[in-house]
2 protein chains.
Amino acid sequence: MATCRKLTKQLMKELLDSIDTILLDCDGVLWHSNIAVPGAAETINKLRSMMYTCHFSFLQGKQPIFVTNNSTKSRLQYQEKFTKMGFIVSKDEIFGTAYCAALYLKHKLNFTGKVYLMGMSGLEEEMKLHGIDYIGTGPDNVEGQILDHRADNVVLDPDVNGVVVGFDQYFSFMKLLKAASYLKRPNSVFIGTNIDQQFPMRNSELIMPGTGSLVRPVEVASNRTATTLGKPSKFMFECIQEKFDVNPERTIMIGDRLNTDILLGKNCGLKTLAVLTGVTSEEEILGYQGSEKEKERELVPDLYIESIGHLGKLLD
Amino acid sequence: MATCRKLTKQLMKELLDSIDTILLDCDGVLWHSNIAVPGAAETINKLRSMMYTCHFSFLQGKQPIFVTNNSTKSRLQYQEKFTKMGFIVSKDEIFGTAYCAALYLKHKLNFTGKVYLMGMSGLEEEMKLHGIDYIGTGPDNVEGQILDHRADNVVLDPDVNGVVVGFDQYFSFMKLLKAASYLKRPNSVFIGTNIDQQFPMRNSELIMPGTGSLVRPVEVASNRTATTLGKPSKFMFECIQEKFDVNPERTIMIGDRLNTDILLGKNCGLKTLAVLTGVTSEEEILGYQGSEKEKERELVPDLYIESIGHLGKLLD
C-alpha cells in the first residue's frame, strides 16, 4: 500500500523544514492555458521570499524551479508569460523541453550538423541560442497530388543528420515524409521533446493533440524510436542540477499529472505533491494507493492538496 | 519448422490443379508505383483465360481477385490503372481499403450519420457511392497561431459521429485535432483503412509514410484504438466472399509482404505464395522457416518465386 496524505498546516511546517527547492509543473498547476490559477503567483513569490524562524534556526526562502514539457516557448518567452501573470522569476529558473532539447543536442550528444526541426518559435529560439543549425520550421504542405505514392519533387537537404520533434501546429504529411526520410540516414539523431498525448483543455469539446501524437507518427513511418526528454525522463532534472545546487532529498516536485510530474519526482528521489487543478482527481490518487498494479502504486505522490492557492494559504 | 518451397514447373502443375481463385496484392507484386512488373499483365490474363486438360478433366481459367491495402483509389480508379497497364479486369474483382471501408460502415455497422474523413478522392468516391455522408477532405491547416494551446476558432460539426482515416496527403495538425475531438464523442466510430507503416519505395532516399503513420497519431491524441480493415484483417476476405463464391481451400494469396499478404492468407486458410519483387527477400523467408519465434514461423508462405513474371513463364 502506497500512502498519500493530504497536506495540512501541520504537515506544511514539517515540509518547509525539509525542503530547499520546489520544482513546479506549469500548466494545470500555475495556470490553465493563459489563465492563472488563483493565488498561484502570490504563493510562489511568498515561498521564494519567506524568511522565518523554526526550531531556533533562521530559514531562507525556497528556490522555485519551473519544469514544463511544453516545447512551444523559449525560456525568455516563458519569462514574459510568468511576469505578465505576476510571478517573480528569472529565466534561468525555467526548464522547458525546447531549452532541454538544445542542451541535449549540444552537451549530451555534442551534436554538429543540422537538424530537421518540427517546432514553433520557442524551439527555434533555443536552437539559435545554442548555435544549432536547423531547417524545417513553418508551414510545409504537399503541392499538387501525390499519385501512386510518388514524391518526385521532394528534395532533401544533404547536411541534415538529425530530427527534433516538438509541438508543431504546422505538422503535415510533407513534414512527416521529410522527417522519416532524414531518419533513414545512418547515425541520424532522433529526439522528441516529450510524449504527452494531449494538452490539458478545460470545459472544451476539443482535444488539443500533444507532442506525443506528433512523435509517434514519425516513429511509425521511420520505424525508429525517438529519445524523449520531457518528464518523467530524468534528463530534465539533470539539466537543473547542472545549473543549481539541488539536493534531491531536500526537493519537492509539485505537479498535476501522475505519470509525468509525480513520476519524475519518484525517478529522481524527490518528495512529491499533487495538486487537483489539472488532470488528476482525488479519487484517482486515493484509488491508486491500494492498487494491485505496482505501476500504479508507484505513481502515488507523498502529498496532495486542492491547488497551489490552497498551499499558499497554509503559509499564512 | 515451417516449410516454404520454391515454385517449380512441377509444383505449378499441382498448384493449378488445386486452386480456382487467385488473390493478388498489387504494389510490389503487379507493379511498383506506376511501373508494371515485367510480365505481370500477361501472367494474370493467361491465368484467367487458360483452358487446359489435366488428369483427364477439363479445367477452367482461374479467377483473379485484387486485394490492396491502398486506400487512395476507388474501384473505378483502380480499373483505369489496371487497364492502362494491360490487365483485363472488372471493377468487381478489385478490393481496396477505400471500398472495404465503405462496406464496413454500411453493412457491418449499419452506420448512419456523418463521418470525418481523412482521405483522398478514392475514399471520397466510395463513400459517395455507398451513400455515406462525410466532411473533412482536402487541405485544412491552422490559420494564425495556436497560442497557449487554445484553438478558439475551431468549430466542430454537430452531426459527425465517426472518423475514417485513410491515406491523406493533406494530413495536418488541424485534421489531427478535429479527428481526435470527434472521437471524444461517445459512441463515435473509429476506422483506419490499414496500418501499413510505409509505402514501398524502390531506390529512393525517401520514405513515403503509409496510412499506419496517420492512424497512430489519431489513436494517441484521442486515446482510442481504431478498427483497422486492411490485410491481414479477415474483413477484406469477408468482402470478397460476399461477392464471389470462393472456397478458401482452393484459393491462393500471392503477395510480397509477409505480415499483411501472407498473414491474411494464413488467417483465412488459403494457400500462400510470396514474390520477391517487393519488401521481402528470399533470405528473410528462408530465415523465418527455422525461427524460434512462433510469430515468425507463422509468416512463412507455402511457396515463393522471384516474380509474377516468373510464375507466368511456368505456365508455358
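Every residue, even glycine, has its Cβ placed from backbone N, Cα and C.
B:Asp256 is the residue from B:Asp245, B:Asp256, B:Asp302 that TrEMBL records in the Mg(2+) site together with B:Asp25, B:Asp27. The Cβ of B:Asp256 (Mg(2+) binding site) lies under 8 Å from the Cβ of B:Asp25, B:Gly28, B:Val29, B:Pro200, B:Ala274, B:Val275, B:Leu276, B:Thr277, B:Gly278, B:Val279, B:Thr280, each of which sits 6+ residues away along the same chain. In sequence order, B:Asp25, B:Val67, B:Asn69, B:Asn194, B:Gly255, B:Thr260, B:Asp261, B:Leu263, B:Leu264 make up the list of same-chain residues 6 or more apart from B:Lys231 (substrate binding site) whose Cβ falls under 8 Å from its Cβ. Counting only same-chain residues six or more apart in sequence, the Cβ atoms lying under 8 angstroms from the Cβ of B:Asp27 (Mg(2+) binding site) belong to B:Ser33, B:Thr68, B:Asn70, B:Phe199, B:Pro200, B:Gly278. Highlighted in sequence order, B:Cys26, B:Gly28, B:Val29, B:Leu30, B:Thr68, B:Pro200, B:Gly255, B:Arg257, B:Asp261, B:Val275, B:Gly278, B:Val279 have their Cβ within 8 Å of the centre of the Cβ atoms of B:Asp25, B:Asp27, B:Asp256, the residues recorded for Mg(2+), and are not part of that set. The number of other Cβ atoms within 10 Å of the Cβ belonging to B:Asp25 (Mg(2+) binding site), over all protein chains shown, comes to 25.
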